[in-house]
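These features come from TrEMBL:
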type     : residues : note
DOMAIN   : 8-134    : domain 'Na+/H+ antiporter MnhB subunit-related protein'
TRANSMEM : 12-33    : transmembrane segment
TRANSMEM : 39-61    : transmembrane segment
TRANSMEM : 73-92    : transmembrane segment
TRANSMEM : 119-140  : transmembrane segment
Amino acid sequence: MVRHPDVIVRGVARLLLTPSVVVAVALVAKGYAEVGDGFSAGMIIALTIALQYVALGTSAAERALPLLRFSPALVLGGLLLALATAFFPLALGEPPLSHRPGPGESVTTVGTLELFTPLAYDVAILLLVVGVLTTMLHLLANAELLKDEEVR
């Protein structure tokens, strides 16, 4: 039986989507204590989305991942969260990027996940990286359509 390579690539692309997002979430959740961070997690998600564009084509990838239309909002949300996390301590008279809660203070947890400012900053960087790269992917994938609209 002969299979076309594009069928295999499409299948692999779809199969890798969920595990890649799980790995990215794990990197963000454990990045402060182990190797990993929001940037790496964002790159993993963005590369997985790029694989969807390559394997499925532009229109099929955007139909399969309808959340891609919110990419510009991810950029804005990530940037605002990063700025808030970085500069909120200034309002408390502390240096920028100060950790909250401080040393010796109790940390709020959800299961084993500790909620504190480095985690918020990693999430902000994740949102920023995913938003910027998926917006760029969309613009590059639709360059001809955008060029045709400019001519009109």
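The backbone N, Cα and C atoms fix where each Cβ goes, and this holds for glycine too.
Remark: secondary structure over the domain 'Na+/H+ antiporter MnhB subunit-related protein' (8-134) totals 93 helix, 6 strand, 28 coil, with classes taken from DSSP. Per-residue pLDDT, averaged across the domain 'Na+/H+ antiporter MnhB subunit-related protein' (8-134), gives 88.
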